[in-house]
Amino acid sequence: MYIGRFAPSPTGLLHIGSLLTALASYADARANGGKWLVRMEDLDPPREMAGADAHILHTLEAFGFEWDGEVAYQSRRNGLYQEALGRLKSEGLVYPCYCSRKDWQAAATAGADGFVYNGRCRVPAQRPEANGKTPAWRIAVPDRIIGFQDEIVGYYAQNLAHDIGDFVLLRADGFWAYQLAVVADDAEQGITHIVRGQDLLVSTPRQIYLQQCLGANTPHYAHLPLLVNSLGQKWSKQTLAPALDLNRREALLRQVMRYLNLPDAPEVDRPEELLAWAVLHWEIRTIPCNDIVTE
Ligand code: GLU
C-alpha cells in the first residue's frame, strides 16, 4: 500500500524546483503502484498569490500529471486541525504562549531552523498576563534524539529541545502553523510516503514528534536535492524563480529527469509519455543527494 502526495503552497507559480518535486513524488508513487494525491497548502493568505491555486493545477495538468481523488485544500480543513490541537490540549502537551516575537527572540540562541524558544510560557507561573491578547499555542518538545532513515539523505536526527525549541502549532494571528496542518493532513489522508525537497528536512523531526503525540504512523521519507541558482540559493519566489513555461514542457521535463539521473527518453509527442518513461525507469537510489546548480 502506497499513498504519496504533492503539496504545493499557492504563494507563487510552479517553477523548475516544484516540477522536480512533482515529478519525483509522482514517479515514486506510480512506480510502486501507489496513489498520488495533490494537496493545496493554502494556510497563509497574507503570503498567497491570487489565482495561484488554479494556475498550479492547470500547470500540473498541462505537464501530464494525473492525481487521484479530489484536490484537498488546507483552508477548508480547519476542523481537522482543531481536533488535532484539542487532542494535544487534552493530553497536556501544548500551552498558550503570550510572548511577543520581538521579546523572546532578543534573548534566544540560534538553532537548526531559526531561534530556539526559551520555554518561558511552558511554566504557568512565568507566563505573562493575557491582557486580552490571543495566545499562540506551542507544543512542549522532549529532550531526546528523534531520528529517521531518509531514502536519499540517509540518517537524519535532531534533539528538538536543543535544536528547535517548543514550536508553534496555532499562531497568535489565528492561522495554523504548517507543522500541525501537514501532520494532521498526512495522517487523515493515509499518506505512507513523502517525497519532497530537502528544505523541509529540518522540519521532519518536528513532524515525527507530532505524529507520535497524535498516535499517527510515521511515513517513509525521501528528501530531494534542491535546485539552486549560481549563488547557491534555492529557487523560490524570493530568488525570482521563473514560472514554468508551458511552451517548453518537454524541455523542462527532460531537464528535471536529467537531474534525477533518469536515462534519456526517446523522442515523444506528448508530456505524458515522458512521465511514463520516468515511471518505467524510476530508481530512487540513483537520485543525487547534493544541491544541483541549474543552468
Ligand atoms: N507546502 C510545502 C511547500 O510548498 C510542502 C510541504 C510538504 O511537502 O510537506 O514547500
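Don't overthink the numbers, they just go from 1 along the chain as shown.
Glycine residues also receive a Cβ, built from the backbone N, Cα and C atoms like all the rest.
Per TrEMBL, the feature L-glutamate binding site maps to Arg5, Phe6, Ala7, Pro8, Ser9, Glu41, Tyr178, Arg196. Residues or ranges marked as Zn(2+) binding site in TrEMBL: Cys97, Cys99, Tyr117, Cys121. According to TrEMBL, the ATP binding site annotation covers Lys237. Positions annotated as domain 'Glutamyl/glutaminyl-tRNA synthetase class Ib catalytic' by TrEMBL: 5-243. Marked as motif ''HIGH' region' by TrEMBL: 8-18. Positions annotated as motif ''KMSKS' region' by TrEMBL: 234-238.
Secondary structure from DSSP puts Tyr117 (Zn(2+) binding site) in coil. In this structure, Arg5 (L-glutamate binding site) is part of a beta strand by DSSP. Here L-glutamate is bound by Arg5, Phe6, Ala7, Pro8, Ser9, Glu41, Tyr178, Arg196 per the record. The longest Cα to Cα distance in that group is 16 Å. A coil conformation is recorded for Glu41 (L-glutamate binding site) in the three-state DSSP classification, outside any helix or strand.
In the vicinity of ligand 1, defined as a Cβ distance under 6 Å, the following of the binding-site residues Phe6, Ser9, Tyr117, Tyr178 are placed: Ser9. Same-chain residues with CB within 8 A of the center of the Arg5, Phe6, Ala7, Pro8, Ser9, Glu41, Tyr178, Arg196 CB atoms, the L-glutamate site residues themselves not counted, are Arg39, Met40, Val182.
Helix, strand and coil counts under DSSP for the motif ''KMSKS' region' (234-238) come to 0 helix, 1 strand, 4 coil. Counting every protein chain shown, the number of other Cβ atoms lying within 10 Å of the Cβ of Arg196 (L-glutamate binding site) is 21. Sequence-distant neighbours of Arg5 (L-glutamate binding site): residues of the same chain at least 6 apart with a C-beta under 8 Å from its C-beta are Ser25, Trp36, Leu37, Val38, Arg39, Asp186, Gln189, Ile191, Ile194.
On its own chain, Ser9 (L-glutamate binding site) has Glu41, Asp42, Leu43, Asp44, Arg47, Glu48 as residues at least 6 apart in sequence with a Cβ closer than 8 Å to its own Cβ.
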